[in-house]
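Asks: Before I ask anything, here is the structure I am working with.
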Amino acid sequence: MAPVVVLVGAPGCGKTTVGQALAATLGVEFRDTDADIEQMAGKPIPEIFIDEGEAHFRTLERAAVAAALAAGTGVLALGGGAVLAEETRAALVGHRVVHLSVELPDAVKRVGLGAGRPLLAINPRATLKHLLDQRRPLYAEVATETVTTDGRPPTAIVAEIAALLPR
Ligand code: ADP
Ligand code: MG
């Protein structure tokens, strides 16, 4: 079975928060590839970046996404950078993929100093601006729907996504 919905978007767009709440609303399981990678590696993501570097993290991420898509867990949140991999973008074709869009001001507020997010550990605002510019076209490419999150509480976003789904 395919996941009911796959969530993609920039760091701080709310994939984990909205994904957990949406799964609870729908009464299905929630899975987050960032958590899967930590389990596979046996350590937190920042330590993977420190010990092995980003390229190794991306290799683990491609495998984690493929496994999660195949497992078909109800709501699946992908890591923010997962769409950088062409292989992952191709694997998403045919799935219901919701892009949780976020603009820089809200992303910056939500991510704060980037705790647990190694790419954002230094200068989070400038790094987020760069990430948003680089990845927006990729999120748009894989998404079947886009839901705006700026200035909206997670409950409203969950309700909008739930209304998109077949019942
Ligand atoms: P992601 O998994 O996409 O990186 P998170 O779900 O971890 O994002 O959210 C990052 C932070 O922003 C968390 O502290 C979360 O509580 C907060 N947050 C998420 N969505 C919203 C929202 N719609 N409005 C306000 N804060 C939010
Ligand atoms: Mg997350």
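Just so it is clear, glycine is given a Cβ too, placed from its N, Cα and C backbone atoms.
Note that TrEMBL annotation is computational and uncurated.
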Asks: Which one of ARG117, ARG167 goes with GLY12, CYS13, GLY14, LYS15, THR16, THR17, ARG152 at the ATP site, as TrEMBL has it?
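Replies: Of the residues offered, the record points to ARG117.
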Asks: Restricting to the same chain and to sequence separations of six or more, state which residues have a Cβ under 8 Å from that of GLY14 (ATP binding site).
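Replies: Listed in sequence order, they are LEU100, VAL102, ARG110, THR149, PRO154, ILE157.
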Asks: Can you tell me which of these binding-site residues sit near ligand 2, meaning the Cβ is under 6 Å from at least one of its atoms: GLY12, CYS13, GLY14, THR17, GLY80, ARG117?
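Replies: Going through GLY12, CYS13, GLY14, THR17, GLY80, ARG117 in sequence order, none turns out to be close to ligand 2.
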Asks: For the ATP site as recorded (GLY12, CYS13, GLY14, LYS15, THR16, THR17, ARG117, ARG152), determine the largest distance between any two Cα atoms, in Å, rounded to the nearest integer.
Replies: 23
